[in-house]
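To start, the structure itself, in structure tokens.
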Amino acid sequence: MSTTAYPDTILIIDFGSQVTQLIARRVREANVYCEIVPFQSADEAFKRLQPKGVILSGSPHSTTDIGSPRAPQAIFDAGIPVLGICYGEQTMCAQLGGNVESGHDREFGRAFLDVQEDSPLFAGIWAKGTRHQVWMSHGDRVTSLPDGFTIIGTSPNAPYAVIADEKRKYYGVQFHPEVVHTPDGAKLLQNFVHRIVGVKPGWTMGAYREQAVEAIRKQVGSGKVICALSGGVDSSVAALLAHEAVGDQLTCILVDHGLMRKDEVQQVVEMFREHYNLPLILVDASDRFIGALEGESDPEKKRKTIGRLFIEVFEEEARKLGGADFLVQGTLYPDVIESVSFTGGPSVTIKSHHNVGGLPERMKMQLVEPLRELFKDEVRLLGKELGLPDSFIGRHPFPGPGLAIRCPGGVTREKLEILREADAIYLDEIRKAGLYDAIWQAFAVLLPVQTVGVMGDGRTYEFVCALRAVTSVDGMTADFYHYDMNFLGNAATRIINEVRGINRVVYDVTSKPPGTIEWE
């Protein structure tokens with residue numbers, strides 16, 4: 001029997017591709033549960049999850065290099081469908097007796113694929129003899145096939161662009177179906193999980209709610225639970241799930257660390273105490289947090305300090321309650337992914353998430369993380385399932401470390417107050433322009449830079465404020481929002497006129513990658 005809560009699971013083995021997370025998004029959009037695991041732990045994960053099918057990701061590695069990553073032999077011995085994408089196709093061929101070579105013509109970017117044969121992979125999408133746009137990114141290519149495989153699609157520089165062993169249900173594609181630049185890619189992945197693997201589209205937020213509630217009850221038993229409530233969508237959905245699961249065993253704790261947006265603490269208290277009747281304790285720890293952060297400019301130290309203080313405060317409040325056994329957090333799947341290295345060797349961490357890397361090892365409570373398998377848009381769907389209003393579900397993401405990581409350089413009360421006012425004006429302008437729901441995340445950043453200005457007849461020397469706005473689906477990739485210049489001019493004018501301490505406003509036009517959404 002499978003040890004996962006989801007018997008119909010697709011396992012995605014990550015060989016280090018930058019877009020592996022997009023494979024998971026496409027599979028989830030097909031209402032099928034999947035998990036990403038790094039190739040180093042794929043053997044253990046395969047035994048634990050007992051998946052119905054496996055997808056092998058792309059990779060920056062070359063299959064021809066000595067010691068390059070390989071898929072566990074167990075997946076080929078299990079008699080289940082396997083789809084190899086780019087490097088995944090190449091390692092599957094190499095492991096099953098085919099041949100892969102380097103040094104041939106490379107393909108990067110848009111390419112056109114000619115369908116040579118009909119296949120369940122193409123059913124209802126592509127027909128034999130047709131040509132379709134795909135997105136390629138490869139230097140190596142397959143030069144001979146293992147026994148049982150046939151060519152079902154070709155491109156000018158990839159004669160083995162799509163291959164299939166229909167009997168064993170092994171498929172390989174040299175292109176990337178998970179990216180939007182392959183227009184039919186999502187449908188091809190749906191065909192793999194629905195038609196070929198045979199998994200029905202049963203992964204819904206209604207089903208997840210039932211399973212999550214049951215999992216919380218099983219983990220917690222009769223123990224006391226406290227929930228880290230911030231008022232953001234993630235912690236709020238986690239709190240409502242926990243309350244549905246264990247009722248009066250739960251006490252929510254809202255820590256006012258002095259790093260929240262304008263009026264946010266009061267709004268959260270009113271909503272959860274009065275509307276949802278959740279037991280809520282408000283802890284004013286702003287002096288403690290800001291004192292610990294004062295003068296600290298290293299962003300990693302900021303995050304870890306905030307994570308450590310969060311846990312200290314929760315433990316103290318738990319003792320006041322007579323002890324607590326469990327701590328609920330709104331950790332999401334991207335938090336987990338970004339805090340783990342999938343590329344082998346020493347871990348390369350993008351940045352510590354205060355929910356993950358910032359936690360001290362000797363925490364005295366066990367973590368309950370009911371959302372750690374979900375992407376952000378799935379959390380919003382779950383919030384809707386739980387009855388949260390659309391106006392709340394649609395709120396922009398706000399980081400746990402709060403304004404501290406939107407204030408590069410040393411943190412002071414004065415700088416936080418300046419930033420808080422500028423941010424409130426910016427968001428007000430966005431709402432008045434009717435743009436709030438079109439933007440994934442928008443916020444102000446107070447830079448550790450002062451510039452000369454002129455106000456009235458006097459010279460000023462004040463801070464620079466950067467405005468940030470991005471569009472995204474799940475936070476894994478993002479593009480900057482393309483405002484009308486009149487909007488930016490109006491927002492900048494209001495901020496400079498109404499916020500004492502700022503005399504210059506700039507707009508951030510960096511996408512993710514290469515940047516991250518937050519500045520720190």
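Residue positions begin at 1 at the first shown residue.
Glycine too: its Cβ is placed from the backbone N, Cα and C atoms.
Database features, via Swiss-Prot:
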DOMAIN    9-202  domain 'Glutamine amidotransferase type-1'
ACT_SITE  C86  active site, nucleophile
ACT_SITE  H176  active site
ACT_SITE  E178  active site
DOMAIN    203-395  domain 'GMPS ATP-PPase'
BINDING   S230, G231, G232, V233, D234, S235, S236  ATP binding site
Alpha-carbon distance [H176 (active site); the residue listed as 'active site, nucleophile'] in Å: 7
Reduced DSSP assignment, V233 (ATP binding site): helix
Assigned element (helix, strand, coil) containing H176 (active site), judged by DSSP: coil
Residues satisfying Cβ distance under 8 Å from S235 (ATP binding site), sequence separation of at least 6: C227, A228, L229, Q329, G330
For the domain 'GMPS ATP-PPase' (203-395), mean pLDDT (0 to 100): 84
Inter-residue C-alpha distance, S236 (ATP binding site) and E178 (active site) (nearest angstrom): 31
Same chain, 6+ residues apart, C-beta under 8 Å of the C-beta of H176 (active site), given in sequence order: V19, G58, I85, C86, V134, W135, M136, S137, T182, G185
Neighbouring C-beta atoms (10 Å sphere around the C-beta of V233 (ATP binding site)): 24
Other residues, Cβ within 8 Å of S230, G231, G232, V233, D234, S235, S236 Cβ centroid (ATP site): L229, V237, A238, A239, G330, F398
S230 (ATP binding site), number of other Cβ atoms within 10 Å: 25
Neighbourhood of G231 (ATP binding site), C-beta criterion under 8 angstroms, separation at least six: L254, M260, E264, V265, Q267, V268, M271, F272
Rounded Cα separation (Å) that holds between V233 (ATP binding site) and E178 (active site): 27
